[in-house]
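Reviewing the structure listed below.
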Amino acid sequence: MKLGIVIFPSKMIQDKANGLRKRYDPHYALVPPHITLKTPFETQDEQLESIVNELHTIASKTNPFTLHVGKVGSFAPVNNVIYFKVEKTPELTFLNEEMHSGFFTQEREYAFVPHLTIGQGLSDAEHADVLGRLRMKDFYYEQPIDRFHLLYQLENGTWTVHETFRLGKGNN
């Protein structure tokens, strides 16, 4: 089974991202806009309970925090992904580190850059054009975050929530 761990932003932020993703992200229909805490990973069904228990522990050690989303960035030239930048708070960093150490041993492919993808799979010319236009616009959003989600991938490639984890002591 394939799992991933994400934070979903507010509906307002998702709507803004989806307005762009419809045009620039081929994965638009597979998963709602999100901030990835742990990239998708394969696991055996019998490990799911242990993963859920570990995520409850991580959530209980993390205080709710404010998510700051603003400006447009890109991972070019590594890949042509365009995204809304997400401020790297101590809580986001802690969550990401906890999900890549101890119980979770998956190696990182890239350094942790919190972001909300709005375009990917673009040609070099399209990437440059879209990025140039979006960088001229003013984007800034903030919202309180008090939970993250364990997702699993269905056979048709879409992702759905398996369980939600509330941040802070006594919330799980």
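Placement of Cβ uses the backbone N, Cα and C atoms for every residue, glycine included.
Over all protein chains present, the Cβ of H34 (active site, proton donor) has 20 other Cβ atoms lying within 10 Å. Annotation source Swiss-Prot lists active site, proton donor at H34, citing sequence analysis.
If you look up Swiss-Prot, you'll see H115 marked as active site, proton acceptor. Counting every protein chain shown, 20 other Cβ atoms lie within 10 Å of the Cβ of H115 (active site, proton acceptor).
Same-chain neighbours of the motif 'HXTX 1' (34-37): 4-9, 67, 86, 92, 95-96, 99, 114-116, 148, counting only residues six or more beyond its ends whose CB sits under 8 Å from a CB of the stretch. The feature motif 'HXTX 1' is assigned by Swiss-Prot to 34-37, with sequence analysis given as support.
Per Swiss-Prot, motif 'HXTX 2' is recorded for 115-118. Long-range Cβ contacts of the motif 'HXTX 2' (115-118) within its own chain (Cβ-Cβ under 8 Å, at least 6 residues beyond either end) map to 9, 13, 17, 20-21, 24-25, 27, 33-35, 69, 72-73, 81-86, 134.
A strand conformation is recorded for H115 (active site, proton acceptor) in the three-state DSSP classification.
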